[in-house]
Each structure stands twice: as structure tokens, then as C-alpha cells.
There are 2 protein chains.
Amino acid sequence: MTSLGDKGSVQTQTKVLSQDSWTQVSCPCCVSKQVEPLVLIQLSDSVQPVTKRWLISLIETSKRHGGAALLAHPGEDECGDVVVVSAPRCTFLKATEDLGLCKKYHNEDMVAFSYHDKDNFSNVDDMQEFLTLAERQYIVKNELDSLQAQKKQRIPGIPEAPGVLEAWENICQKLVRAGVIKDIFPLHDQQRLNDLGRRWYSKKQIWGQPLDAIQSYFGSTVAFYFSFLDFYTWALVPPAFLGLVLTFLLPGGGGVVKEQAGEGVMEEDDDGPSVSGHMVQAVFSMLWSTLFIELWKRRSSSLSHRWGTLNLAERFAGPRPGFHGTLGLNPETGRLEPLFPEWQRQLRVGLVSLPLVGLLMGLVVLGMTCFYHGEALVQGFHQDSGSLFSGVLLYMPSMAHIVYTNMLGNVYHAVAMQLTEWENHREESSFQNHHTTKVLLFTFFNNFAVLFHIAFYKQDLPLLRKRLASMLIGNQLVNQCTEVVVPFIVDRFLSAPHKKEQEDDLEMDKLRAQRSLPPYPGLFAEYIELLLQFGYLSLFSCVYPLTAVLLLLNNITEIRGDAYKICKLFRKPFSAPVSNMGVWQTAFEVLGFVSVMSNCWLLLLSPRVQEFCLEGGISGKNIILVAILVEHVLILVKMVLAFMIPDEPDWVRIKREQIEFNSMQALGQQKL
Amino acid sequence: MTSLGDKGSVQTQTKVLSQDSWTQVSCPCCVSKQVEPLVLIQLSDSVQPVTKRWLISLIETSKRHGGAALLAHPGEDECGDVVVVSAPRCTFLKATEDLGLCKKYHNEDMVAFSYHDKDNFSNVDDMQEFLTLAERQYIVKNELDSLQAQKKQRIPGIPEAPGVLEAWENICQKLVRAGVIKDIFPLHDQQRLNDLGRRWYSKKQIWGQPLDAIQSYFGSTVAFYFSFLDFYTWALVPPAFLGLVLTFLLPGGGGVVKEQAGEGVMEEDDDGPSVSGHMVQAVFSMLWSTLFIELWKRRSSSLSHRWGTLNLAERFAGPRPGFHGTLGLNPETGRLEPLFPEWQRQLRVGLVSLPLVGLLMGLVVLGMTCFYHGEALVQGFHQDSGSLFSGVLLYMPSMAHIVYTNMLGNVYHAVAMQLTEWENHREESSFQNHHTTKVLLFTFFNNFAVLFHIAFYKQDLPLLRKRLASMLIGNQLVNQCTEVVVPFIVDRFLSAPHKKEQEDDLEMDKLRAQRSLPPYPGLFAEYIELLLQFGYLSLFSCVYPLTAVLLLLNNITEIRGDAYKICKLFRKPFSAPVSNMGVWQTAFEVLGFVSVMSNCWLLLLSPRVQEFCLEGGISGKNIILVAILVEHVLILVKMVLAFMIPDEPDWVRIKREQIEFNSMQALGQQKL
């Protein structure tokens with residue numbers, strides 16, 4: 001997976017970072033001729049050399065003495081505002097075990113890495129083969145993050161007040177607060193990046209993406225996003241095909257239900273296909289979403305096995321930097337660390353976060369209600385008076401609504417972050433999941449409130465169809481523009497001369513050039529885009545069967561755009577090893593269930609279905625009862641299907657159980 | 001947990017089984033003065049001494065040579081038709097590790113037992129303290145069950161055809177088929193049984209049950225049933241209280257909704273409480289069922305920790321006796337055993353079992369439909385003619401229906417057993433769960449079909465109320481009679497003189513007396529009774545709020561009755577160590593969700609609610625829509641609640657994670 005380019009590029013990039021200035025290691029297995037610069041710590045301009053020296057020595061110190069056991073390089077000189085960090089082999093290997101990463105054993109199996117048994121693993125002598133670039137950089141970051149003050153002490157070169165470290169205080173966080181550290185980010189490896197780009201978004205590569213190379217360069221968080229995007233795009237082919245068939249081949253089918261037609265004589269020819277077209281689309285969409293999610297779970301677990309993240313031990317590692325609690329012995333691992341009782345966190349989530357989030361969602365609904373009321377009021381007023389003033393007034397409600405929504409959005413984001421911090425999650429993934437869930441709920445609600453209002457309250461299918469089509473096309477155009485076209489133009493044309501100059505510069509400046517890039521905004525926006533798409537598709541597609549076709553077209557360019565973006569337009573992000581998409585997978589799954597309800601409801605509203613039932617002599621009340629019954633049965637079918645399709649392929653299950661069995665055996669063999 | 005009575009009773013019971021006739025052990029740690037008779041193998045009368053000798057030698061042989069490494073006793077003489085079996089210490093200890101049982105470590109923690117580390121566990125020198133009686137007996141049975149022919153061989157003393165053992169054939173199953181073994185059952189320990197009975201169902205003991213003693217004597221399967229019954233009975237107190245309040249204190253509230261009253265003037269006084277009473281009952285019942293199940297899960301996991309079954313390793317033990325497949329290396333454990341691919345089993349379950357079960361359920365519905373049609377037909381005919389013949393004919397449909405239902409029931413039970421066998425489950429628990437699910441679905445469907453028909457099709461609340469009350473009272477009376485009173489009378493008065501004689505007999509005859517008891521019919525009937533109860537309560541209780549009171553009264557006697565039954569009226573059952581109630585827990589959980597739907601529906605039907613809405617000017621269609629909305633919201637609330645309440649108490653989670661962490665550490669320490 002890690003290619004030859006890996007080793008080659010170190011030579012080119014480190015040309016100028018004089019190897020002598022790196023920390024000298026004493027451990028014989030860690031000595032190497034070439035040290036690879038992995039992570040850059042950007043200090044403030046005004047930092048004192050004494051502070052920088054203190055920081056470097058802390059980075060270099062062994063763990064036993066409260067350091068990070070990493071390698072540091074002061075950049076050009078002692079006064080410069082960067083520290084370049086790397087790690088020796090022993091630190092890498094121990095961290096690999098602590099993270100619970102699986103690596104290739106000598107028999108080609110993926111086995112949870114054990115430092116004690118390291119000689120039986122493949123490539124263990126060459127860190128650049130053994131760990132991916134993303135893993136190496138994450139390990140360095142992780143070690144920096146876990147630096148803690150051993151006792152109360154002063155930071156040299158910083159005035160008294162912000163410069164006192166309490167015992168067990170997180171050092172990096174403190175230095176960021178004190179303004180010493182401006183940023184910490186992983187360094188790009190230009191040669192590998194260019195290789196990756198060539199295989200990823202060049203014209204030649206149309207089918208599929210180099211997932212393993214992405215995982216190796218950007219880490220599994222990013223790789224899971226692109227794998228999912230890939231999988232999802234392929235999965236759109238059947239519904240797109242069905243949409244095309246229903247729209248263009250079946251007369252009056254599903255898509256463009258002609259509301260005025262289909263009365264009297266033409267019933268026999270025209271009405272049947274329409275109702276059944278609707279039905280086919282709804283039932284298909286229901287089955288498709290279940291199959292899609294279940295198959296993705298299988299794909300996800302096999303990817304996770306391939307990338308060695310099946311058995312992560314985050315729970316048994318140290319807490320995340322923002323975590324606080326009373327110092328005590330962790331009952332599971334027996335290590336001294338801050339503790340915070342689980343039930344207290346649950347109470348905070350259940351009794352504070354949940355109601356607050358509910359309240360803010362209520363405000364969204366309130367805002368929408370006020371908007372509709374205001375609009376009706378103003379329109380009535382305008383029709384009565386017809387003056388210029390009332391004409392201007394017509395725009396007021398929507399403007400007020402936009403301002404209100406934006407303000408609410410900002411408040412919500414701040415509240416969500418504060419709440420999640422206050423919930424005090426021990427693991428980074430748990431923190432991320434809770435934060436994502438909160439923001440996700442709000443964003444989703446905000447985006448779909450209008451459509452739900454039209455579908456469930458106004459019950460106006462033609463309007464829903466128009467709105468859906470315009471949102472789909474509009475959103476896609478706007479997204480593609482803001483995400484790709486604009487940054488591309490900026491990158492190519494506006495900052496091009498600036499770049500040209502640098503070509504001849506020293507390597508050190510290349511490092512510095514990476515600083516000028518904006519930080520990568522994270523995958524949230526990317527995922528939410530997919531989720532909204534999936535929402536349009538599964539919730540309302542039986543109104544507008546071409547949705548899947550539009551999404552398919554969009555995603556094919558989206559893949560390239562996102563790839564270009566992450567490679568060229570932003571600073572490289574850190575990426576923790578993860579074993580799945582986390583909360584996003586659940587979000588897609590939940591949406592699948594909600595879609596059954598909305599499809600049943602839309603079917604019920606469809607004028608054709610209502611006509612059909614009236615002709616059959618079924619009363620309005622009974623139609624609804626039938627619809628409820630159908631909904632419940634479909635949900636049951638969905639649940640049975642989801643239960644029947646195993647979440648991981650047999651071979652992954654066997655591998656996982658092998659690991660479990662081996663650890664049980666090992667426990668049995670060992671005297672405690 | 002294991003009391004002093006344990007050791008004392010061995011002396012009384014083994015008085016006559018001469019200790020010299022037991023297998024002589026060579027292992028120094030296994031030598032003991034007294035061997036406790038644990039399990040009795042009942043041979044057929046016609047068995048040849050040579051066959052019996054062969055069987056005994058097989059039982060005695062070490063595992064390495066294909067035996068069971070147990071201790072055997074030939075009973076009175078070589079020709080007798082019993083073999084009494086026990087086990088030496090080494091076999092017990094190894095089996096304890098293989099089962100994955102947790103035992104008290106020297107530091108009082110419950111730790112997965114490891115043979116290698118045995119000296120650090122408490123009581124490891126005294127098997128009667130270390131393992132419970134039920135565990136010892138289960139281990140002996142398990143070892144007997146796992147006897148396999150090492151190569152093709154003949155069983156001595158049995159004619160050619162049935163007497164040839166194929167390689168790897170299960171020996172006990174073969175001997176049962178060949179008619180050599182009639183039965184294998186665990187022996188009662190009269191003294192401990194009497195002690196247990198005194199603490200369990202005597203008059204003095206009213207509050208609570210001696211759960212630990214039950215677990216120790218009858219094993220965790222039985223103990224979980226009684227714990228659940230206990231928990232459930234206590235949980236009935238709040239709904240019973242509410243039922244009493246609604247029925248007797250609130251005028252016209254919930255229970256006895258006077259259909260004719262509440263029109264015109266009395267609205268204000270009378271109508272409010274009725275609707276809100278209904279509402280209160282429905283919402284309370286919904287919340288209560290969720291809390292009940294979630295709290296039971298917590299209780300269940302803490303019991304499981306106390307009984308050392310939190311970490312069972314059934315998956316890594318050998319397959320159950322009925323399992324067959326092609327011989328190969330188990331990829332997880334690396335042992336030679338029959339293999340059968342998981343996906344094939346899934347396919348069998350999904351494509352054959354599921355449709356067949358559905359078909360048979362369909363036949364139940366068909367039968368019911370025919371019955372109602374037939375009855376209407378016959379009644380019409382009787383009204384027209386009024387002859388004696390037509391009067392007789394009136395009984396025909398219900399008789400035909402009873403015959404049909406019974407036949408279908410028998411067919412279904414046979415099909416369910418065959419299907420589950422054919423699905424070829426590797427683990428006993430998986431087999432049991434699939435079999436139970438099938439029978440459960442059918443029994444439940446059969447019992448509730450009538451009520452559902454009345455509630456959803458006829459929509460006749462008064463009839464539903466009458467039917468529910470009569471079913472509740474009728475069922476309980478019949479159950480209590482058949483389960484307890486009749487057997488009690490038979491036991492006390494009819495077989496009493498017979499018993500008296502035996503008092504003076506030898507101990508050997510006491511063993512023989514146990515054979516004359518019928519085998520314990522298993523817990524299925526007991527659990528299904530509780531499930532049906534829970535169904536009446538949660539599905540329809542808002543129609544008849546006194547349900548909980550009746551059930552509470554019933555359960556208080558039920559506990560004593562069931563206890564008396566298992567202690568006195570039946571042969572002792574084998575009981576595998578289990579960590580929870582298995583599929584029954586899921587069944588109760590599912591019922592909780594179904595109950596939300598049925599309660600919403602019943603509320604909708606309630607004449608008071610409909611009146612109330614009509615007065616408020618809400619159309620029939622909108623009432624239904626509101627009801628759907630309420631249903632979906634309630635289900636969401638239930639899911640959130642279930643998610644919020646952790647399934648295990650914090651301290652159990654910590655213990656479990658400790659075990660996980662330790663085995664991860666152990667794996668890391670060990671070179672593979």
C-alpha cells in the first residue's frame with residue numbers, strides 16, 4: 001500500500017532540513033540516517049528562544065520523564081517560528097500497539113500489533129512501509145496532544161499569569177491558549193501527493209478511486225468518506241435507471257403526473273401504470289435504501305479490516321485533550337488519569353442537551369410559522385392597498401426569516417459545541433459523534449422543513465415537485481461552484497505568479513508555503529451534502545423520479561472536485577484511524593426508515609391513488625388506515641431485511657472472532 | 001452461595017453407592033475420599049453387560065484417548081440398568097475454563113477462570129464450593145454429549161446394523177437411537193432440595209426468592225426465569241395501583257367507560273377525566289413497558305455478573321451434538337470439527353423458514369376467517385329454518401375451528417422443530433433461540449388473533465373488554481389448576497402411600513424413584529404464560545385497567561406454584577449456564593413497541609375520544625392523522641428512552657471492560 005514514492009520523497013523534501021539538527025537518539029533501533037519531517041508546529045512570531053528551547057526539549061524527553069519521546073528540528077535557526085517534529089521507531093511501534101492498529105503478520109494475516117511480538121510482523125524495520133504517512137502523522141500529533149505537566153511549573157519566557165502549568169494540565173492546549181503555538185499541522189509530501197493526484201482526479205482515471213492510496217496518504221477518516229461517495233454513486237445507478245424508465249417509457253408514470261388528465265374514458269389505459277408506477281417507485285426506493293445501507297456496512301467492515309482498524313483500542317487509550325475530571329485510577333486500565341462518571345454524562349446528555357436541542361428545533365419551526373403567517377398578512381395588506389410601501393413590505397417577511405435563520409444557525413452552532421464540550425466525552429470519537437449528531441439534526445431540519453411543510457401541511461404535490469427540482473438543481477450548481485470552480489480559479493490564476501516564484505526557493509520555504517493554505521474545513525460539509533441528497537432521493541423521490549439521475553451526474557463530478565480540493569486547495573488535515581463512518585452511517589440508516597413514512601404519505605396524497613380508491617369505493621378514512629398498515633408492514637420488512645443481511649462479510653467475522661479467541665486464549669495462559 | 005448443606009448431603013446420599021466401585025483416578029489432585037453422584041444414565045432393561053462395560057470404560061477413558069475423563073459407577077451390580085456418573089477435579093476445572101465461567105479470584109473479583117492460573121482462584125480445592133451443583137451436573141452432561149467415535153468401530157453387544165459407529169459420530173446420540181440409553185438426567189440432592197424448598201415456597205418466605213440458591217441448585221436458566229418473574233411481579237405494582245385509581249376513584253375514568261353516558265350537560269364534569277384517564281393509562285403503559293424492560297436488562301446483567309456467566313465462550317466451544325457438516329479446521333479456534341457455512345444457514349432461515357412460518361401463520365388467519373364466515377352462514381341458516389338440525393349445525397363452525405387449530409398447532413410444532421434442526425445451528429443457545437422464536441410467534445398469534453380481530457376489524461370495544469376479562473380470569477384459573485393444584489393433589493394424596501414405603505428403602509432406590517418422576521417440561525410454557533400476560537396488559541390494558549391487579553394477584557401465587565412444581569413434581573432438569581433470558585427478552589421488548597400501536601389505535605376507537613374530537617370540530621380523517629403522529633412520536637420517545645438507559649449498570653460495564661482490557665494486554669504480552 002505504501003508505495004516506493006514514499007522513500008524517494010523523503011530525500012527530496014528533507015534536502016534542506018539539515019539532518020544534524022534533529023534530536024539525536026540513543027536507542028540503537030531508532031537511529032536512522034534520514035529523519036522524515038512529519039508535523040509542523042507553527043509558533044507565534046514573538047516567541048522567546050527560551051520558550052522554543054523548552055518546548056523542543058519537552059518533545060525530545062522520554063515518556064518516563066514526562067516528555068513525548070519524539071524527534072524535533074528547530075527549522076532554519078533557533079529563533080525561527082517553526083518546530084518540525086518526527087518520531088523514532090520505538091515511539092511509533094509503541095503507539096501502534098496503544099492505538100490497537102492491526103498490521104500484516106508474517107503469515108499475511110492482519111493481527112493486532114504487539115510490541116512484544118514485533119519481530120513477527122512484516123516491514124517492522126521500515127517505518128515508512130510499516131505505517132502509512134497518515135498514521136505516522138497522527139501518532140506524532142497524538143503524542144504531542146498527550147503531553148502533560150508532571151507537576152506545577154512555569155513555562156520559561158512567558159509572563160507569570162498565563163505561564164503557570166498546573167499539575168496534569170495539558171501542555172499543548174495551554175501553549176495554544178498562551179499564544180505560543182499558533183497551529184499544528186501535518187506536512188504534505190509533494191511527490192506522493194502529485195502521484196496520488198495523477199491516479200485520482202486526472203482524466204485517465206474514470207472508474208473507481210485509489211482508495212488504498214488515499215487511506216495511506218490522508219488516513220482512514222478521509223478514505224472512508226471517499227469510499228462511501230464511490231459506493232453511493234454506484235448505488236445510484238439502479239434508481240436512476242428506474243427513474244428514466246418511469247419518466248420516459250411509461251405513459252403518465254410517476255414523474256410528471258398530469259393532474260388534469262386521467263378522467264373518464266382513459267382510465268383503463270392511463271390510470272393503472274400511473275398508480276403502479278408510483279407504487280413501484282416507492283417500494284423500490286424503500287428496498288433500495290435498506291440494501292444500500294446494509295451492503296455499505298459490509299463494504300465498510302471489509303475496508304476496515306484491510307486498513308487494520310477493525311480492533312481499535314480508543315477506549316483503553318488516554319482521554320482526549322479536552323477531557324477533565326477528578327484525578328483517579330481508571331478502573332479498567334489501572335492508569336492514573338482524570339475520571340468522570342458515565343451516568344453523569346448520560347444525565348447531561350439526556351436532561352440538558354436533548355431538551356435544549358429540542359428547544360432550538362422548536363424555534364426553527366416557530367420561525368417558519370411566523371414567516372408563513374407574516375407573508376399571508378403582508379400579501380393581504382398589499383392586495384388591499386397596492387402602494388409602493390406595501391410592495392416593499394412584501395420582501396420583509398422573507399428577509400426577516402433569512403436573518404432569523406442565520407442568527408439561529410450561529411447560536412445553534414455555538415450552543416452545540418459548548419454543550420458537547422460540557423458533556424465531557426472521554427474519547428475523541430464519542431465527542432465527534434455527539435457534536436456531529438447535534439449539528440446534523442439542525443442542518444437537516446433547516447433544509448427539509450420547507451419540503452416537509454409543503455408535503456405534510458400544505459399537501460401540495462405539484463409545488464413539492466417544483467420545489468424539489470429547483471432545490472436539487474440549485475443546490476448542486478451552487479455547491480459545485482463554491483466548492484470547486486472558484487477555488488480552482490483562485491488557485492490557478494490568482495495565486496499562480498506567487499507560486500512561480502517559490503519554485504526556485506528552498507525546501508524550507510515550501511514548508512512555509514503550506515502554512516499559507518487555509519486549514520481543511522473537515523468532512524462535515526461533504527457528508528451533510530450527501531445526506532441531504534440522500535434525503536431528497538429517499539424521502540421525496542416518488543414525486544420526482546429524475547432525482548437519482550441528477551444526483552448521479554452530480555456525484556461523478558463531485559468525486560473529482562472533492563479530491564482536487566483536499567489535495568490542492570487546503571492544508572493537509574490530521575486523520576484519526578477509524579473503523580467506520582461513525583454517526584453518519586446511523587444518519588443514513590435513520591433516513592431510510594423515515595423515507596418509508598414519507599413515501600407512504602406521498603402515495604396517499606397522490607391524486608391518482610385517491611382517484612383509484614374512490615373508484616373502488618374505498619372511503620377516505622379507510623385509505624388512510626390501509627396506508628398506515630402498509631407503512632407498518634414495510635417498516636417491518638425493512639427491519640427483517642436489515643436483520644437478515646449480516647453487517648460484516650463472513651470472512652471479516654471469522655477474522656474478528658479469531659482475534660477474540662486468541663486474546664481469550666492468551667488471557668488463559670497468563671498468570672495475572 | 002453453595003452452602004454447608006452441600007457437603008453434608010453427599011454423605012447421606014452416597015451412603016449406599018459403595019465408594020470402591022467408582023472409577024479409580026490416578027491424577028493426584030483428583031483423588032478424593034468421597035465421590036458425589038451427579039448424573040444418572042438410565043439404560044434399557046435389555047442392555048448386555050458387555051455394552052455397559054464398554055460404555056463405562058469409555059466414560060472413564062482420558063480425553064486424549066477419546067473418552068470423557070469422567071468417573072462412572074455401575075450402580076448395584078454389573079448387570080443393573082443404571083450408570084451413575086461424576087467427574088474428577090481436573091475435568092471440572094478444564095471444563096470451567098472451556099465454558100468461560102467467571103469465578104471468584106483471590107481479590108474477590110469475578111474473573112474468567114483459567115486452568116493455568118487456577119491457584120489464584122478461591123475454593124479451587126473444593127469442587128462443591130467452587131462450582132454450583134447445577135454447573136457440576138451440566139459439565140458432566142456436556143462431557144458425555146461431546147463423546148465422539150475416534151474411528152469407525154462396533155459397539156459391543158449390539159447387532160451389526162445399529163451397532164456401527166462411524167468416525168466422528170456422536171456416541172450418546174447413537175446409543176439413544178440404538179435403544180441402549182433411555183435417558184440421562186441429573187440427580188436431586190434431597191437435603192439441599194428440602195433446604196431450598198423451605199426458603200422458597202414455605203409460608204414464612206413471602207418477600208423475594210432465594211435467587212442465588214436457585215441458581216446454585218437449578219442453574220442459571222431456571223434462576224433467570226424466577227428472577228424475571230420476581231422482577232415482573234414487583235413491576236406490576238405501579239400499573240395495578242393506577243388501574244385501581246382509574247377504576248374506582250376517577251368517575252367514568254378509563255376502565256368502565258359508560259358508553260351511554262356523557263352526552264349533553266355532563267360533558268364538563270364527566271368527559272374530561274374519561275379522555276384524560278384513557279390517555280394517562282395509554283401513555284403510562286407505554287412508558288412503563290419501556291422502563292420495565294430497560295431496568296430488567298440492567299438487573300439481568302448484574303445477575304449475570306454475580307453468577308459468573310458474563311463472559312461465556314459458547315462460540316469457541318465444540319458444536320452442539322445435533323450439528324453436522326463437513327469435517328474441517330474451525331478457522332477461529334483451529335480445532336478439527338464439522339463445519340457449516342454461516343451464509344448457508346442464513347439463506348435457510350431467510351428463504352425457507354421465514355416463508356414457511358409466514359405461510360402457517362397465514363393458515364391461522366385463514367382458519368379464523370373461515371370460522372367467522374361459517375358462523376355467519378350457519379346463523380343465517382338457523383334463523384331462516386329454526387330446525388333442530390340447524391341448531392346442531394350452529395356448533396359446527398366452532399368445533400371445526402377447534403379441530404383445525406389443534407391440527408395446525410401440531411403440524412406447526414413438528415415443522416418448527418424440523419426446520420430448526422435443518423437450519424443446523426452450531427450453538428445450543430442459537431438453536432434454542434430460533435426454535436423458541438418460531439413456536440413463540442405461533443402461540444402468540446394463536447392467542448391474540450381473536451383479540452386483534454375484535455379490536456382492529458370489528459372495532460368493538462365493549463366486546464374486547466368482556467373478552468379480555470374472561471380470557472384473563474379464565475386463563476389464570478385454568479393455569480393455576482393444571483399447573484399446581486392437580487399435580488399437588490396427585491403428589492400428596494395419590495402417590496403418598498407409595499412414597500411412604502420408600503422412606504425405609506435403600507438410597508439406591510431413591511435414585512430409582514427419581515426416574516419415575518416425569519421429565520421437567522422446560523420453561524417455554526412458563527415464559528409464554530408471562531408473555532401472554534404482558535401482552536394482555538400492555539396491548540389492551542387501556543380498555544380494562546384492572547388487568548394489572550389481576551396479574552399481580554396471579555403472579556404472587558404463580559411464583560410459589562412454579563417453585564413447588566420444579567422442586568417436587570418433576571425430575572431435575574439440566575440447565576446450561578446462560579447470561580440472559582435470550583430471545584424472551586427480545587419478545588418482551590417487541591411487545592412493548594407493538595403496544596404503542598395498539599394503544600394509539602384503541603384510544604382512537606374510544607367513543608369518548610371520538611366524541612371529544614367531534615365536539616372540537618375535528619374531522620374523522622384528521623383524528624386518524626393526529627393518532628398516527630402521536631404513535632410515531634411515542635415510538636420515537638420509547639426508542640430515545642431505551643437508548644438513554646444503559647443496558648448494564650456502570651459497575652458491570654467496567655468489570656466487562658476490565659476483562660476485555662486484560663485479554664488485550666495478555667495478547668500483547670504473548671508471542672503467538
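Every residue number used here counts from 1 along the chain in the order it is shown.
Just so it is clear, glycine is given a Cβ too, placed from its N, Cα and C backbone atoms.
TrEMBL: automatically predicted annotations, no manual curation.
Residues or ranges marked as domain 'Anoctamin transmembrane' by TrEMBL: A:214-658.
Annotation source TrEMBL lists transmembrane segment at A:231-250 (among others).
The feature transmembrane segment is assigned by TrEMBL to A:349-374 (among others). Within the chain carrying the transmembrane segment (A:349-374), a Cβ under 8 angstroms from the stretch's Cβ atoms is held by residues 396-398, 400-401, 404-405, 408, 411-412, 415-416, 419-420, 422-423, 434, 438, 441-442, 445-446, 449-450, 453, all 6 or more beyond its ends.
Panel annotation: around the transmembrane segment (A:386-404), residues 367-368, 370-371, 374-375, 378-379 of the same chain, lying at least six beyond its termini, place a Cβ under 8 Å from a Cβ of the stretch. Residues annotated as transmembrane segment in TrEMBL: A:386-404 (among others).
TrEMBL lists A:439-457 (among others) with the feature transmembrane segment.
The transmembrane segment feature in TrEMBL is assigned to A:530-553 (among others). Packing against the transmembrane segment (A:530-553) from elsewhere in the chain are residues 228-229, 232-233, 236-237, 239-240, 242-244, 246-247, 254-255, 278, 281-282, 285, 289, 440, 443-444, 447-448, 451, 455, 461, 464-465, 468-469, 471-473, 475-476, 584, 587-588, 591-592, 594-595, 598-599, 602-603: each is 6 or more residues past its ends and has a CB under 8 Å from a CB in it.
Feature annotation from TrEMBL assigns transmembrane segment to A:574-604 (among others). With a cut-off of 8 Å between Cβ atoms, the residues of this chain six or more beyond the transmembrane segment (A:574-604) that come close are 99, 101, 134-135, 137-138, 141, 185-186, 218-222, 224-225, 228, 278-279, 282, 285-286, 289-290, 292-293, 296-297, 300-301, 304, 307-310, 312, 428-429, 432-433, 436-437, 440, 444, 455-456, 461, 464, 527, 531, 534-535, 538-540, 542-543, 610, 623-624, 627-628, 630-631, 634-635, 638, 642.
The transmembrane segment annotation in TrEMBL covers A:624-645 (among others). If you look at the transmembrane segment (A:624-645), the same-chain residues 6 or more away from its ends with a CB under 8 A from one of its CBs are 283, 286-287, 290-291, 293-295, 298, 589, 592-593, 596-597, 600-601, 603-604, 618.
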